[in-house]
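K.L.:
Have a look at this one before I ask anything.
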Amino acid sequence: MGRFIFVSFGLLVVFLSLSGTAADCSSGWSSYEGHCYKVFKQSKTWTDAESFCTKQVNGGHLVSIESSGEADFVGQLIAQKIKSAKIHVWIGLRAQNKEKQCSIEWSDGSSISYENWIEEESKKCLGVHIETGFHKWENFYCEQQDPFVCEA
């Protein structure tokens, strides 16, 4: 009996330690490096997509891509979910006019520690493009309606 309790306790400890290794994501969301991600196929403007993400889950925003590993993960996630002819998908990067200076920042306020531009253009909102496997960033008109990726 004592051996059974010891083995059961050991299995419980292993289970609890493994369950804490990934983010606890809601159903339909995917986990990477402690964050949760979900691709939404419906088309929205950049502003509407950002607003939608904030309402999905506490702390939600359009995705902020902070490393090449995260870019690979997000690109693969989009490629798995978007099977239509849509060629752009919104990410959380947007040019903001502040005190007569234009700055680029993530919608969640995090700093830009990783960059992966396709080319420089004058449009204000950014997304990823199918021709680059959804890896490279490109400027698009903010009022354009496209699918998007939320992160929490």
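Cβ atoms are placed via backbone N, Cα and C, with glycine included.
As listed in Swiss-Prot for this protein:
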BINDING   SER64, GLU66, GLU70, GLU151  Ca(2+) binding site
DISULFID  CYS25-CYS36  disulfide bond
DISULFID  CYS53-CYS150  disulfide bond
DISULFID  CYS125-CYS142  disulfide bond
DOMAIN    24-152  domain 'C-type lectin'
SIGNAL    1-23  signal peptide
K.L.:
Would you mind sorting out which of CYS25, GLU66, GLU70, CYS125, CYS142 (the recorded positions) have a C-alpha within 10 A of the one on CYS150 (disulfide bond)?
P.N.:
none
K.L.:
Can you tell which of the disulfide-bonded residues (CYS25, CYS53, CYS150) has the fewest other C-beta atoms within 10 angstroms of its C-beta?
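P.N.:
Checked CYS25, CYS53, CYS150; of these disulfide-bonded residues, fewest Cβ neighbours within 10 Å: CYS25.
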K.L.:
Could you state the CA-to-CA distance between GLU66 (Ca(2+) binding site) and CYS53 (disulfide bond) to the nearest Å?
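P.N.:
Pair distance, Cα basis, whole Å: 18 Å.
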K.L.:
Taking DSSP states H, G and I as helix and E and B as strand, how many residues of the domain 'C-type lectin' (24-152) are helix, strand and coil?
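P.N.:
So the counts come to 28 helix, 48 strand, 53 coil.
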K.L.:
Out of SER64, GLU70, GLU151, point to the one nearest CYS53 (disulfide bond) in space (Cα versus Cα); all of them are binding-site residues in the record.
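P.N.:
That would be GLU151, nearest by Cα distance.
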K.L.:
Which ones are near GLU151 (Ca(2+) binding site): of the disulfide-bonded residues CYS36, CYS125, CYS142, which have a Cα within 10 Å?
P.N.:
CYS36
K.L.:
From the disulfide-bonded residues CYS25, CYS125, CYS142, pick the residue whose C-alpha lies nearest to the C-alpha of SER64 (Ca(2+) binding site).
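P.N.:
Its closest listed neighbour, by Cα, is CYS125.
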K.L.:
What is the pLDDT of the domain 'C-type lectin' (24-152) when averaged and given as a whole number?
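P.N.:
Overall, the domain 'C-type lectin' (24-152) comes to a mean pLDDT of 85.
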K.L.:
Radius 10 Å, atoms counted are CB only; among the binding-site residues GLU66, GLU151, which position scores highest?
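P.N.:
Going through GLU66, GLU151 one by one, the largest Cβ count within 10 Å is at GLU151.
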K.L.:
Going by a 10 angstroms cut-off between Cβ atoms, which of the disulfide-bonded residues CYS36, CYS125, CYS142 has the sparsest surroundings?
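P.N.:
Selected from the disulfide-bonded residues CYS36, CYS125, CYS142 on minimum Cβ neighbours within 10 Å: CYS142.
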K.L.:
List every residue in the same chain as GLU70 (Ca(2+) binding site), at least 6 positions away in sequence, whose Cβ is under 8 Å from its Cβ.
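P.N.:
GLU70 (Ca(2+) binding site) has long-range Cβ partners TYR32, GLU33, TYR114.
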K.L.:
Starting from the Cβ centroid of SER64, GLU66, GLU70, GLU151, the recorded Ca(2+) site, name every other residue in that chain with its Cβ within 8 Å, sequence order please.
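P.N.:
Checked against the 8 Å cutoff, the neighbours are HIS35, VAL63, ILE65, SER67, VAL74, GLY92, TRP106, SER110.
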